[in-house]
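One structure below.
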């Protein structure tokens, strides 16, 4: 239950704005609204059935308007239960007996290929998760000369040089030389966090020819190249060549349509720019790519876009935090500020908007969960507006399976009507009425490419109310209803194209043609 403020509400002020039309990642000429789904959550069961779940869900996903899915890391991690963010062998997609298992947490390579085939047959694209920052689960240790650094300032060395035993020897005995004969050794990395000889955990910076932190990364903690495990050295030419080769192989082997880049702020920016370009050139495909640069600062994200020559998109982290704040202030958030400091307001064509993900869900390291009551409002905000490429979280659709008392319930019944609104009605010019601390709204006039298209949306974090909004002259005389089912009244669009639309307390309503 949200706390509501007593307020005299006046909704007559009209704020009109024209936003940049965003070409969709599906095709450059497609008239269909693109919608991405992150098809996993952190606590996806370790039952080896996830690729089968994805295949079985392909028709449903297409029907509700999902045009692309982001799959979890598909390669062998340091154990069968690893989510893929502790990558051991990027060439083992659940095909070889390694780390005590053939399958990954999610299933086998052939099952994944079958799932992708089913998705493609229904015009749903597939984006692979790319974890390039580090490697984990080495087969043996190696002697390395290293120094300790200050975790709060990785440029500050806090010890003399000494020998450590680092887990940096990757031989891949189960795969051998299949697909690649490249073996990883200490000189392919520039740091680690464990000395096996002393059984101590530190951040170790390696010594040796050319060894230093990659400098073109986030400046947090002095230099944020190091994150975890054995940190890959993208100043090493053999590493650069091998990783480009793998990216091309990965895209072709799974017929991928794009990528999600993990931990981008910890990886040399110019390398990521060149890596994306190399894969695009080799495959001849657009390979839509979105980078996870976790920073609640649009300026930092804009800097990353600049450093990578705008050849990638980024997740709109500032918008996520605005939505989280709006959900947690008991009706006290000024809804006129939802777009303040966001990527979608600065670079709408490069913003992947989202409400929740596997890192922000309850119990995770970046936990910043949007409260359940607000999620339908948040999804309406990212799914029915013209700017940004919106993403739906698996955990919001199907619920999360962790042990926190705050686990996310399935919101499928709330989200699917909003997806239907996006798929069938959210087209044409947009008019914004973001002019009140509680109740904000927007309309879409519709266009000729989608029959009966056009909509009017209202959301409020506090008291309900109404707004008079312009729906377009072409919609004059039509009767519109609330597709969410939250209100039973209908609205007749006047001869001047205007209508009076209503919303309940702490709720969302999306009106479309009957």
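Cβ atoms here come from the backbone N, Cα and C positions, even for glycine.
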Practice task
Write down the one residue from 83, 123, 133, 357 that Swiss-Prot lists together with 225, 231, 266 as binding Ca(2+) 1.
Solution key: 133
Practice task
From 316, 340, 461, grab the residue that Swiss-Prot records in the same Ca(2+) 3 site as 331, 438.
Solution key: 461
Completion exercise
Ca(2+) 2 site partner of 212, 214, 233, 235 according to Swiss-Prot, chosen from 190, 257, 262, is 190
Fill in the blank from the handout: Same-chain residues at least 6 positions away from residue 262 (active site, nucleophile) with a Cβ under 8 Å from its Cβ, in sequence order, are 73, 85, 129, 130, 131, 132, 133, 292
Completion exercise
Nearest to residue 190 (Ca(2+) 2 binding site) by C-alpha distance, among the binding-site residues 225, 231, 266, 438, 461, is 231
Practice task
By CA-CA distance, flag whichever of 214, 235, 331 among the binding-site residues is nearest to residue 266 (Ca(2+) 1 binding site).
Solution key: 214
Handout entry: Cα-nearest neighbour of residue 461 (Ca(2+) 3 binding site) within the listed binding-site residues, 212, 214, 225, 231, 235
Key = 225
Problem - Chain-internal residues near residue 235 (Ca(2+) 2 binding site), provided their CB is under 8 angstroms and they sit 6+ positions away - result: 190, 210, 212, 214, 268
Problem - For residue 266 (Ca(2+) 1 binding site), the three-state class that DSSP assigns - result: helix
